[in-house]
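According to TrEMBL, the protein has these features:
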- 12, 113, 161: [4Fe-4S] cluster 1 binding site (BINDING)
- 198, 201, 221, 228: [4Fe-4S] cluster 2 binding site (BINDING)
- 237, 255, 258: [3Fe-4S] cluster binding site (BINDING)
- 12-173: domain 'NADH:ubiquinone oxidoreductase-like 20kDa subunit' (DOMAIN)
- 193-270: domain 'Cytochrome-c3 hydrogenase C-terminal' (DOMAIN)
Ligand code: SF4
C-alpha cells in the first residue's frame, strides 16, 4: 500500500471538491483497488486533530512512512517570509509542508495554486504566495528548482483551477503502482497535459472559419473577442469532459488557461488582448504574419451553415 497525506495550505478546497467527482478511477477505487492508504485528508478523515498531530510527528520522526504527499493550495510566505498568515498551532504551514516534503516518496501539487501560486499569487499578492517549486513561471518556490523527493522526482504539478478530477486520481494510481511518470517542461504529468483545450472543442469549425462570438453563451468561437485560451492551454478538459458531460467552452464560457503557470493573467479574462486587429497571443506554434492571411481566406471560404451559426455546440 502507498500511504498518502493531503495537506491544505492557502486553498479554497476546490481541488478536493473536484476529486470527489472523479469516476475513472473514482476516489473510492483509489483506496479500494489501486493500493492507496489514506493517512489524512482534512475533509475526509474522521480522526481527531490530536490524532492528526501525533501522525504528523510520526511522519516527521520517520516512524510512519509517507509515500505520497499531496499539497492543495498556494504557499503563504507573508508576513516578511515567516509564513504566519497561514499557521497551524502557531507554526507556519509552509514549514510543515517543507518538513513533510523531505519525508515523502513523491510530492504532488494538486491544483495551480500549489504548483505555481495561482489565484493567491496574482497581483497584488498580499500573502506573498508562491508555489511548491515554482513562483508563477519562474522555477523555485518553497523548494529550490534542484530539489528532488526520495523517489528522485521534482514536485509533480497536477495544475488546474481546480485540477481535472481524472488527472488527479490517475496520477495517484500511477504513483501507487510504481510506474514511471513522464513529466513535461513544467513538471506536469505528460499524459494529462499533452493536448490543448482547443482539441475536442465543439466550436472548432467556427474557429477554423473565423466565425467569432462577441457575447458569452453564443454558438461560435470564443477566441478572437472573448479571450479563450483553449488553443494555448495544455489540458484534457475537452477530451475528458468534466463529470463526463461538459467543459467551459461547451457551456459557452472561454477557457481561462487555468493549467498555466501565469494563470490568472492580469487582464480581463473575457477579453482578447489585440495589437490592432490581431490577438496578442496566437494558437501554440502559429506564426503571426501567416495568421491573418489564413484567417481572412478562411472567413471568405466559410460555408453558409457556419456563417449562419447553424451548428449546435
Ligand atoms: S472556443 Fe476556444 S477552445 Fe473552442 S474552438 Fe474557439 S478557441 Fe478553440
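Even glycines carry a Cβ here, placed using N, Cα and C.
Small disclaimer: the values here were computed from a predicted structure and weren't measured.
Projection of TrEMBL feature records onto the structure.
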residue : record                          : DSSP class
12      : [4Fe-4S] cluster 1 binding site : coil
113     : [4Fe-4S] cluster 1 binding site : helix
161     : [4Fe-4S] cluster 1 binding site : coil
198     : [4Fe-4S] cluster 2 binding site : coil
221     : [4Fe-4S] cluster 2 binding site : strand
228     : [4Fe-4S] cluster 2 binding site : coil
237     : [3Fe-4S] cluster binding site   : coil
255     : [3Fe-4S] cluster binding site   : coil
| message | On the 0 to 100 pLDDT scale, where does the domain 'NADH:ubiquinone oxidoreductase-like 20kDa subunit' (12-173) sit on average? | response | 98
| remark: Here the binding-site residues are 12, 161, 201, 221, 228, and the Cα closest to that of residue 255 ([3Fe-4S] cluster binding site) is found at 228
| Near ligand 1, which of the binding-site residues 12, 113, 198, 221, 228, 258 are found, taking a Cβ distance under 6 A to any of its atoms? | 198, 221, 228
| message | When you rank 198, 201, 228, 237, 258 by Cα distance to residue 12 ([4Fe-4S] cluster 1 binding site), which of the binding-site residues ends up on top as the closest? | response | 258
| message | What are the sequence-distant neighbours of residue 221 ([4Fe-4S] cluster 2 binding site), meaning same chain, six or more residues apart, C-beta distance under 8 angstroms? | response | 203, 204, 206, 207, 210, 211, 212, 213, 228
| said: Just to be sure I understand the packing, how many Cβ atoms besides its own are within 10 Å of the Cβ of residue 228 ([4Fe-4S] cluster 2 binding site)? | reply: 30
| remark: Smallest Cα-Cα separation from residue 198 ([4Fe-4S] cluster 2 binding site) among the binding-site residues 113, 161, 237, 258 is shown by 237
| task | By Cβ count within 10 Å, point out the most packed of the binding-site residues listed: 113, 201, 258. | result | 113
| query | Apart from 198, 201, 221, 228, which residues in this chain have a Cβ no more than 8 Å from the mean position of the Cβ atoms of those residues at the [4Fe-4S] cluster 2 site? | reply | 197, 203, 204, 207, 222, 223, 230, 231, 249, 254, 255
| remark: Smallest number of other CB atoms within 10 Å: among the binding-site residues 12, 161, 237, 255, that is 12
| said: If you measure from the CA of residue 201 ([4Fe-4S] cluster 2 binding site) out to 10 Å, which binding-site residues from the list 113, 161, 258 are inside that radius? | reply: none
| field | Other C-beta atoms that fall within 10 angstroms of the C-beta of residue 198 ([4Fe-4S] cluster 2 binding site) | value | 22
| request: Looking only at C-alpha atoms, tell me how far residue 113 ([4Fe-4S] cluster 1 binding site) is from residue 237 ([3Fe-4S] cluster binding site), rounded to the nearest Å. | output: 18
| Using the Cβ centroid of 12, 113, 161 as the reference point for the [4Fe-4S] cluster 1 site, which residues of the same chain not in that list have Cβ within 8 Å? | 11, 14, 15, 73, 74, 111, 112, 118, 119, 120, 162
| said: Around the [3Fe-4S] cluster site formed by 237, 255, 258, which additional residues qualify by having Cβ within 8 Å of the site's Cβ center? | reply: 160, 197, 229, 230, 233, 235, 247, 248, 249, 256, 257, 259
